[in-house]
Amino acid sequence: MALLVEKTSSGREYKVKDMSQADFGRLELELAEVEMPGLMACRTEFGPSQPFKGARITGSLHMTIQTAVLIETLTALGAEVRWCSCNIFSTQDHAAAAIARDSAAVFAWKGETLQEYWWCTERALDWGPGGGPDLIVDDGGDATLLIHEGVKAEEIFEKTGQVPDPTSTDNPEFQIVLSIIKEGLQVDPKKYHKMKERLVGVSEETTTGVKRLYQMQQNGTLLFPAINVNDSVTKSKFDNLYGCRHSLPDGLMRATDVMIAGKVAVICGYGDVGKGCAAAMKTAGARVIVTEIDPICALQALMEGLQVLTLEDVVSEADIFVTTTGNKDIIMVDHMRKMKNNAIVCNIGHFDNEIDMLGLETYPGVKRITIKPQTDRWVFPETKAGIIVLAEGRLMNLGCATGHPSFVMSCSFTNQVIAQLELWNEKASGKYEKKVYVLPKHLDEKVALLHLGKLGARLTKLSKDQSDYVSIPIEGPYKPPHYRY
């Protein structure tokens, strides 16, 4: 696709695959709104006061129908928005078209190359001569990463005149990042510094992105305040758990049509995502084996009736392998060589480095056969046996299906709206330093409360005597911050 920014009749910038899908996107968006009570409640509560009036928000988060409802919630509260996806395969093109036509600048399409992906990220951050965004909604931390790497390169350039060298790294994706920054230095050597100075803060959606933020906080390089949305209970214990329980089998069946019952499924990692995946596979009739480094998580898996072994113990016996760790080098090419014919290998953690895709792609004599988009069979020359890799090792639930359903994403995205409001409303108060924060318990409980009515729930209320007895306010919060749920 030619990397040229287009404009709507109203002058809004965009780059999507097919604007003719906008009507279809709008229909699905309207269906999703009914399933997203938290976001709709935010529009009702905050819309009249327009709290985001004057705010520029950049989003780097899967451009799905559910995200479209989030974007239109931000614009309904007064924000101006520019958006890109955080994954080359996760965009739903009809959702991107609907938003680009009706609501916000979007730069996203399904099946981007890495070069296109980072071009889209750069466009979403580009607000013209006035600098960058005021706020970032991030998923995985790529938008945050680009600004931090850009600032670092500009400081080196100012001191030494040295520009980034893309050949200094073996990572093909980071080579692209360095090339983008290098080109930017020639146009404006203070581009990313201007972004940093304007930025009020970022709210981060995922475990992987949160890890990056805490690493930067620890080494003193975090450039602006950050709110860790992932560790809100109404995100991690719902989106990560129940969302993956829903979307893993959906992606597997759409990609392969394989029968899960009777198969041996290996879930690498037993955190919230791994727990949801293991539950889905067990319910579908698979025999589930978990790999873990953490003895507490391992014991939890055992108490659920699952086996806990190493990958090496089961690599030649299992039928389905799912990585959920957020770490790298979980399934290596040497593991894949030992797998049975047509074993399915997929990732639902975050980045594609959980599975050794580079090692697979460069394995001598390996043959790649594309069955359909995001479903590839890789045949090893010495055995003539093949494995099926989904979504090129990236998020299979978004690459091979449509991700998590609207209701559970409403919980996550309501947290995002609240986090963005918190950062924006406190921008002049000094409340938030260059650190990582978590939303307070009363806001977590508010997000849950907004979703109960949709499911027909009625809460019991504490009496005054009961409240005094347990030292819990009648209106909450009901649990201390350290409570684990």
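Note that Cβ sites are derived from N, Cα and C of the backbone, with glycine treated the same way.
Feature annotation from Swiss-Prot assigns substrate binding site to Thr64, Asp139, Glu205, Lys235, Asp239. Cβ neighbour count for Asp239 (substrate binding site) (all protein chains, 10 Å cutoff from its Cβ): 26.
Annotation source Swiss-Prot lists NAD(+) binding site at 206-208, 271-276, Glu292, 348-350, Asn397, His404, 479-483. For the recorded site, Gly274 (NAD(+) binding site), the DSSP three-state label reads helix.
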Pairwise CA distances across Thr64, Asp139, Glu205, Lys235, Asp239 (listed as binding substrate) top out, in Å, at 17
Close to Lys235 (substrate binding site), taking Cα pairs within 10 Å and only the binding-site residues Thr206, Gly271, Gly274, His350, His482, are Thr206
Glu205 (substrate binding site) and His350 (NAD(+) binding site), compared by Cα position, are separated in whole Å by 11
Binding-site residues Thr64, Asp139, Asp239 vs Thr206 (NAD(+) binding site), shortest C-alpha separation belongs to Asp139
Taking all protein chains shown into account, the Cβ-based neighbour count within 10 Å for Thr206 (NAD(+) binding site) is 26
Sparsest Cβ environment (other Cβ within 10 Å) among binding-site residues Gly271, Gly274 belongs to Gly271
Among Thr64, Asp139, Asp239, i.e. the binding-site residues, the one with its Cα nearest that of Lys479 (NAD(+) binding site) is Asp239
Same-chain residues at least 6 positions away from His350 (NAD(+) binding site) with a Cβ under 8 Å from its Cβ, in sequence order, are Gly140, Thr206, Thr207, Thr208, Gly209, Gly326, Leu395
